[in-house]
Amino acid sequence: MARSNQLELVQLTKRYGETVAVDDVTHAFPAGAYVCLLGPSGCGKSTTLRMIAGHEEVTEGSILLDGFDISDLPPARRGTAMMFQNYALFPHLNVRDNVAFSLRMKGVDKPTRHKRANELLELVDMGRFADRLPAQLSGGQQQRVALARALVTDPKVLLLDEPLSALDPFLRIRMRAELKKLQRELGIPFVHVTHGQDEALALADEVVVMNNAVIEQAGPAREVFNAPRTEFVARFMGGHNVIATPQGKVAFRADGVRLAGPDAGLPATVTAVEYQGASVALTAATESGEELLALLPEEDFFAAPKSPGEAVRLSWDEGRANRLQA
Amino acid sequence: MTDLTGDTPPPETTAAPKRAGHGLGANLLGWLQAAPLTVILVGFLVAPIIMIVIVSFWGATEFSIYPAFQFDNYEFLFGSPVTYRVFLATFKYALITWALTLCIGFTVAYFLAFHVRSQTMQIALFLLCTIPFWTSNIIRMISWIPFLGRNGIANQTLQDWGLIDAPLEWLLYSDFSVILAFVHLYTLFMVVPIFNTMMRIDKSLLEAARDNGASGLQTLRHVILPLTKPGIMIGTIFVVTLVMGDFITVRFMSGSQKANVGRLISNDIALLQYPSAAATAVVLLATVLIIIAVLLRFVNIRKEL
């Protein structure tokens, strides 16, 4: 238990005047896991992260790291390190000095801190660029430097505030693979704030879905995707249909929906067809006016293509439908 | 950009005639657009300076000025110990005023940029700083006189409080009052550029510094100060240039007891010694240009403009 790096939030609350940004959140982050805080903008995920980092004061509750309450400590003494959304590299310092900044603040002598900075730059594969200024680097390179700077203090937890949002889609996919690999190598928990569910699913050992200042659902990525507990989670994770039944609302996966024969399934009218490469997204409106999405394998769809306005019947495996709590 | 242009050389040979005609039209338009500013700069900046340089080589007697090309004016200027004393006094004024305006200006700008959180408040306080500029320099200067005089408010208050027995003589008509007026007049020229640069500092850099364990003072020293350097430099150029060229403040606030280069020139002009005044002006201009050139060696302000 000496170095479990267990991060825990206890009844954490943040108020700005009357507005509640984070409302009584209690959550224990699994040790050594990659955790994604996922939610729409304004759901409180960034505020939560900034409170953990110490850049936002806690209104009520506490943040525990390895059992110690760190809520009142200054950021640098918490054992956390933060990577900022726009990287926040010091524009007047070269890459090596940026990484060595915190060591310099601690009064570490020049050869030692440069040696350590070079080690970290090698870790993120940026050794060649040590003498450049941040403005001379691409977005992806800047991000690696920011990562090295955050890791130079040997943090117990790394906090990442939408680290991939400033990158182009291609680079984003590559960087997230690297983040994941780095996390596995270092073995410390990463807490990563994002509003992209694909990013969260790809990266996270645990996904924490937030909405309206509270945690809607937390669990392993597969569990959250396959068994959303609330309508919000089902809709936000995407790829799900939510319909009202006499027993309450249920959610089921759009890729489980099939075009059925004339006697089976639910009658509906096609409203849109979208070709997506491997699959075709068919949107249809039921008689009660609910919208259903069906992700059909490309081959199946083009064997009997449908166009908007056509009547179809849709069926799905009731057993895989998931009763929603809210 | 460079490799882009290197990869695709423009097909000049095929489209040459058409391009040339098009280029001429575009060039002409460009010249026309640049013309008004050029005319103004040549007419009101370059020509007068050339005139001053020419006149500085002319000769003068007690009652006449005659065109010539002689170095008498410069010889007299560089041969007189008064010149060196006056230049030294001017440097002293510039240096002390610079140091004080920098301290005050940096502090005010820092307060406005980093302590005042709401933007409305920032703008309101900033406008408040400019209120003194609604009156003329001279009036702002003269209003110090009843305050600092022998029987002025400052001396009387201090006497009433029993802090001093006799009025302080050095409050007015002294180096103190001259520098006080300079600082009062020119601090804003330091505040504005520094505030401007500070406002461009990304606030997340300050958080990043805090995250990396920098104390408030360390953040100031290692993040804010280096990033504010261009603003400090622009303010420095403003203040140094203004103080070096001033003569009216020194005259009023020293009661004509102190001298600087500006007063040297204005005295020459009062005595109709234009060539001598012109020579002094040329030396002063050269001095200021050298100072600015040296300053620009230290800090690159180009990205601020």
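Sequential numbering from 1, following the chain as shown.
Even glycines carry a Cβ here, placed using N, Cα and C.
Sequence-distant contacts of the transmembrane segment (B:37-60) (same chain, at least 6 residues past either end, Cβ-Cβ under 8 Å): 66-74, 273-276, 278-279, 281-282, 285. The feature transmembrane segment is assigned by TrEMBL to B:37-60 (among others).
Here TrEMBL flags B:87-295 as domain 'ABC transmembrane type-1'.
For B:93-113 (among others), the entry in TrEMBL reads transmembrane segment. If you look at the transmembrane segment (B:93-113), the same-chain residues 6 or more away from its ends with a CB under 8 A from one of its CBs are 122, 125-126, 129, 175, 178-179, 182-183, 186-191, 194-195, 198-199, 201, 220, 224, 228, 231-232, 235-236, 239-240, 243-244, 250, 260.
Long-range neighbours of the transmembrane segment (B:125-145) within the same chain, counting only residues 6 or more positions beyond its ends whose Cβ lies under 8 Å from a Cβ of the stretch, are 108, 112, 116, 152, 172, 177, 180-181, 184-185, 188, 191, 195, 248-249, 252-253. Taken from TrEMBL, the feature transmembrane segment covers B:125-145 (among others).
The feature transmembrane segment is assigned by TrEMBL to B:170-195 (among others). The list of residues near the transmembrane segment (B:170-195) in space but at least 6 beyond its ends in sequence, with Cβ under 8 angstroms from a Cβ of it, reads 92-93, 96-97, 100-102, 104-106, 108-109, 112-113, 126, 129-130, 132-133, 137, 140-141, 144-145, 148-150, 152, 154-155, 228, 231-232, 234-236, 238-239, 242-243, 246, 249-250, 252-255, 257-258, 304.
TrEMBL lists B:231-254 (among others) with the feature transmembrane segment. Sequence-distant contacts of the transmembrane segment (B:231-254), counting only residues of its own chain at least 6 positions beyond either end whose CB sits under 8 Å from a CB of the stretch, comprise 90, 93-94, 97-98, 101-102, 105-106, 109, 137-138, 141-142, 144-145, 172-175, 177-178, 180-182, 185-186, 189-198, 260-263, 265-266, 284, 287-288, 291-292, 295-296, 298-299, 301, 304.
TrEMBL lists B:274-299 (among others) with the feature transmembrane segment. Panel annotation: around the transmembrane segment (B:274-299), residues 49, 52-53, 55-60, 65, 73-74, 76-77, 83, 87, 229-230, 232-233, 236-237, 240-241, 244-245, 261-262, 264-266, 268 of the same chain, lying at least six beyond its termini, place a Cβ under 8 Å from a Cβ of the stretch.
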